[in-house]
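J.: Pasting the relevant annotations from TrEMBL:
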- 77-81, 144-150, D173, A275, G346, H401, D468: (6S)-NADPHX binding site (BINDING)
- N78, D140, T176: K(+) binding site (BINDING)
- K438, G439, A440, G441, T442, G467: AMP binding site (BINDING)
- 9-230: domain 'YjeF N-terminal' (DOMAIN)
- 240-528: domain 'YjeF C-terminal' (DOMAIN)
Amino acid sequence: MLLVTSAEMQKLDTVMIEEIGVASAALMESVGLRVAEVTMDMVDGTGAHQSMGERVSSRSREMDSRKMIAVVVGKGHNGADGLVAARYLHVLGYSVRVWLTSDERDLSHLTHIQLCAYRNVHGRLAEETDDLTQADVIIDAILGNGSQLPVREPLRPFLQAIHKAHRPVLSIDFPTGLDPDSGQVDVDCVKAVRTVACGLSKPGLYVEPGRAYAGQITIASLAISYHMAVRHGAHHFLVTEQDIAKRYRRRPQDSHKGSFGRVGVLAGSPGMYGAARLAVEGAYRAGAGLVYYFAPEDLSDTWVSGFPVEAVVKRYAGRAGVWNVDAIASLLALFAQVDVGVIGPGMGRSMQDSPEALLALAQLPIPLVLDADFLQVVAASEDGGVTFFEHRKHLTIITPHPKEFAQLIKRPTSVVQENRLLYAKEYAVKTQTIVVLKGAGTVIATPEPAVWINSTGNSGLATGGTGDVLAGLLGGLLASGYGAESAALVGVYVHGKAAELACTTQYSQESLVASDLFAWFGTAFRQISWEMDISHDG
Ligand SMILES: NC(=O)C1=CN([C@@H]2O[C@H](COP(=O)(O)OP(=O)(O)OC[C@H]3O[C@@H](n4cnc5c(N)ncnc54)[C@H](OP(=O)(O)O)[C@@H]3O)[C@@H](O)[C@H]2O)[C@@H](O)CC1
Ligand SMILES: Nc1ncnc2c1ncn2[C@@H]1O[C@H](COP(=O)(O)OP(=O)(O)O)[C@@H](O)[C@H]1O
Ligand SMILES: [K+]
């Protein structure tokens, strides 16, 4: 689902008004009506808005419910939307009170016109005796797309009063105090249970911490077409089940294991061979034809016997953690036998002392999934990985968690987390890789650039080894024929979905461990294949 940043939305508003020819007031009427509908559903039950027309014409009968709606209005056009909603709700018989956050003379021209229209139907402003705590719903129409954080006076007391009222809040466009591009929030940010986004939804409503402030999101359509939005620069997306179903690749009936490619896994180190096992099984569970595990010659048979029985263990001529010329040559010969490489889980950082090995791997002429320790080695190289990525001429997916990513871009982890979308995109463009920046709301950024926000997963995944499983999954999807962007999106989605499925049945978010996920990938894949059938039939 397409999302737009604040600047893109401003541009699209202008295009709608000046090029398409829809008046500003008409756009506001449309948003305000949708806000009124959602408010009715909140106070009178889902579907209540469907009888809106009948309700106007039999007002006296409906008047007795007198549910109270408080509308807190800012001086810009967000306030104008709120005033349109206030007018509808008042005429429908609700007890509406409007709180103006600024002097009436400071309202923008169109907002003032909407205030007059509200007054012309005998709508009332809040008086001394009115109190937000009396409201059945508070509509936050304070700041929208013209907001610049942090929140300034005189707005802060209004935000604090909304918090103190402890009533359900509907925010127009996005909660006041939230940055729609990054999802960062002001300390007094409004916490909504519903948000009605204007025209198209905004990325900041789907990433932490903003996601927790937005509640359930409804989009008030302004008939802005997908193509028009993309033409004007929109490049953020929320990953939905429908997006994934469109990318799902059904396995042909007349296939054989050669149809689904070979994955080579270079992972594990003394004490960490479990990470390698998880990656190997992840690659198989995504559908790879064959998965090779590249083991050092001194890896004990006990460890090897613990690998999934399907794994093909191939020894390279070298001891664990020693990357001399022979070991590198032997490894390159093994990688020549596979279609995709997965490098890094639990691998340790011994390669840090062997820039030759790093460079040799950079030049592998196959798609690579690079994860964990290997990324830390790349980050620690003299130029922070610039040379490494310059030498990479083939498709690369990197799967850092926030701390690993922070090392790659040489910024503190907290700074990365404040703007995950932006940093992931910048790095994808700079290195021409697909960046899978993990963590709640995993971000997938491509060099195009396109930035996707994943919608699946839960805190059950916050446990050792789940990232190793993901790296394997992505390798398996690439080997079995998915393009790079699709492999990243489908892999991340299915990984999160498996955690959700596991936690609604057998496990809980506390008890889930990485290897539990394997049992749930089947159901997750089946769900997206059903979804594909439904969307094809429909
Ligand atoms: N364009 C259209 O036709 C359509 C627009 N639509 C709607 O309009 C919304 C955008 O409207 P908008 O551009 O007027 O911005 P909005 O946020 O309401 O007010 C900005 C004002 O707030 C002030 N202000 C800013 N930051 C502040 C802060 N931190 N603390 C305190 N004050 C602050 C700032 O004041 P100034 O800095 O100028 O003094 C400025 O005057 C959009 O979200 C959607 O709801 C839809 O109906 C579709 C059609
Ligand atoms: N709270 C959460 N919500 C959703 N996904 C999460 C959460 N915490 C972690 N994850 C996911 O779990 C995985 C953890 O990967 P990583 O940190 O590399 O773990 P490990 O190195 O132990 O394998 C990533 O896919 C990440 O997106
Ligand atoms: K708002």
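Just so you know, the numbers here start at 1 and follow the chain as drawn.
Cβ from N, Cα, C; glycine included.
Curation plays no part in TrEMBL annotations; they are all automatic predictions.
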J.: Of the binding-site residues N78, D140, G439, A440, G441, which sits closest to Q148 ((6S)-NADPHX binding site) by Cα distance?
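T.: In terms of Cα distance, Q148 ((6S)-NADPHX binding site) lies closest to N78.
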J.: May I ask which residues of the same chain, at least 6 positions away in sequence, place their Cβ under 8 angstroms from the Cβ of A80 ((6S)-NADPHX binding site)?
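T.: Expected: M28, G32, S108, L110, T111, I113, Q114.
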J.: In whole Å, how far does the CA atom of N145 ((6S)-NADPHX binding site) lie from that of G467 (AMP binding site)?
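T.: About 36 Å separates the two Cα atoms.
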J.: If you compare CA-to-CA distances from T176 (K(+) binding site) to each of the binding-site residues H77, H401, K438, G439, which comes out shortest?
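T.: Going through H77, H401, K438, G439 one by one, the Cα closest to that of T176 (K(+) binding site) is H77.
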J.: I need the nearest neighbour of H401 ((6S)-NADPHX binding site) among the binding-site residues D140, K438, T442, using C-alpha distances.
T.: K438
J.: Distance check, please: Cα of T442 (AMP binding site) against Cα of D173 ((6S)-NADPHX binding site), rounded to an integer number of angstrom.
T.: 23
J.: Rank the binding-site residues G441, G467 by how many other Cβ atoms lie within 10 Å of each Cβ and give me the one with the fewest.
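T.: Result for the binding-site residues G441, G467: minimum number of other Cβ atoms within 10 Å at G441.
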J.: Write out, in the order they occur in the sequence, the residues of the chain not among K438, G439, A440, G441, T442, G467 that have a C-beta within 8 Å of the mean position of the C-beta atoms of the recorded AMP site.
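T.: Other same-chain residues near the AMP site: H401, P402, L437, V443, N454, G457, L461.
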J.: Tell me the Cβ neighbour count for D140 (K(+) binding site), meaning other Cβ atoms within 10 Å of its Cβ, over all protein chains shown.
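T.: 29, counting other Cβ atoms within 10 Å of D140 (K(+) binding site).
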J.: Can you tell me the CA-to-CA distance separating G467 (AMP binding site) and H77 ((6S)-NADPHX binding site), as a whole number of Å?
T.: 44
J.: Expressed to the nearest Å, what is the distance separating G439 (AMP binding site) and D173 ((6S)-NADPHX binding site) at their Cα atoms?
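T.: Cα-Cα, rounded: 26 Å.
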J.: Compute all pairwise C-alpha distances among K438, G439, A440, G441, T442, G467, the residues listed as binding AMP, and give the largest one in whole angstrom.
T.: 14
J.: Where does H77 ((6S)-NADPHX binding site) sit in the DSSP three-state scheme?
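T.: Its secondary structure by DSSP: helix.
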J.: I want to verify one value. Collapsing DSSP to three states, which class is D140 (K(+) binding site)?
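T.: In the DSSP reduction, D140 (K(+) binding site) maps to strand.
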J.: For ligand 1, pick out the binding-site residues N145, Q148, H401, G467 that have a CB under 6 angstroms away from one of its atoms.
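T.: Cβ under 6 Å from ligand 1: N145, Q148.
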